[in-house]
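This is the structure I have questions about; it appears just below.
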């Protein structure tokens, strides 16, 4: 995924309504008007629609961001501005939906939003990590191809394990560590094959590793900051993006992007702003459709779907950009995808075992969370 990707903790809170199951989504109700469970065929159709929506939104967002960040026809060298615009649009959409919900029927998933400076300051440490996450994601995508993008930022799982041990003192099972080893092996093989083909960008690799680290840190900080916004993922998204917009301004000045925009020949082109707006909408929508997929399947199924989506995205990128890849290059992708799937599967089995064992302490239950 690219920018505006809500963390696993935050998405799960949103998908489950912050606690015991959550209310049914108004767009895709799980039960009929009399409280009866929908027929199997209808439920299967809903799940298929949600999964397809997630795949389409996520893949389209990556390709669209690649165009905005590194298109030879666009020639816009202002990645921070692109990220700033998407954050600003996300904040505006959150506020607009909140105002719409206030004027219409009450919606428990969309609380009233107002900018509280005290809350904004409390969210600021997370916002700094959030900026690092979305910026490094986009910079990685700018310097590497879409086909290699999944491998370039594939170390998120490895950093999750490492930071869980260093910061939270949580241990990881041997099988999960072996899966992480497969991911690391696939990453280095992919880097080696990109170098052999002459398409390796060490700048892109650096930002890919940084993005993986920031995604892991973002998950940890999100869990700490959520109580400040009453556990509301919408409030957290709003404050995160508002803070990001403020902090991006000096960064754009420092990097000279205002001068770049001044000389940009398509700044008054409606089609350019249309693509920018569409990218921002996709960036905002990915959090919602990810929450829907978790809600109508499960966190484990969501991770499996994400792995399959990454595989499809890689194949589509190779076909679309008419690239030719070696057998070892494809092997590196399969190692990353296989390792990610194995880790997800192992953690899912561990979590199920903990939930079924009444003798396991609550602290041990937390250590096996997916």
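Heads up, the Cβ atoms here are built off N, Cα and C, so glycines get one too.
No curator has checked TrEMBL annotations; they are predicted automatically.
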Ranges 11-33, 80-102: which does TrEMBL label transmembrane segment?
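So the range that TrEMBL calls transmembrane segment is 80-102.
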Are there residues at least 6 beyond the ends of the transmembrane segment (80-102) whose Cβ is under 8 Å from a Cβ of it, and what are they?
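Those are 3-4, 65, 68-69, 110-113, 134-135, 138, 234, 237-238, 241-242, 244-245, 248-249, 251-252, 255, 257, 260-261, 276-277, 279-281, 283-284, in sequence order.
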For the transmembrane segment (233-252), name the stretch out of 123-145, 175-191, 203-221, 272-292 with the most CB-CB pairs under 8 Å.
123-145
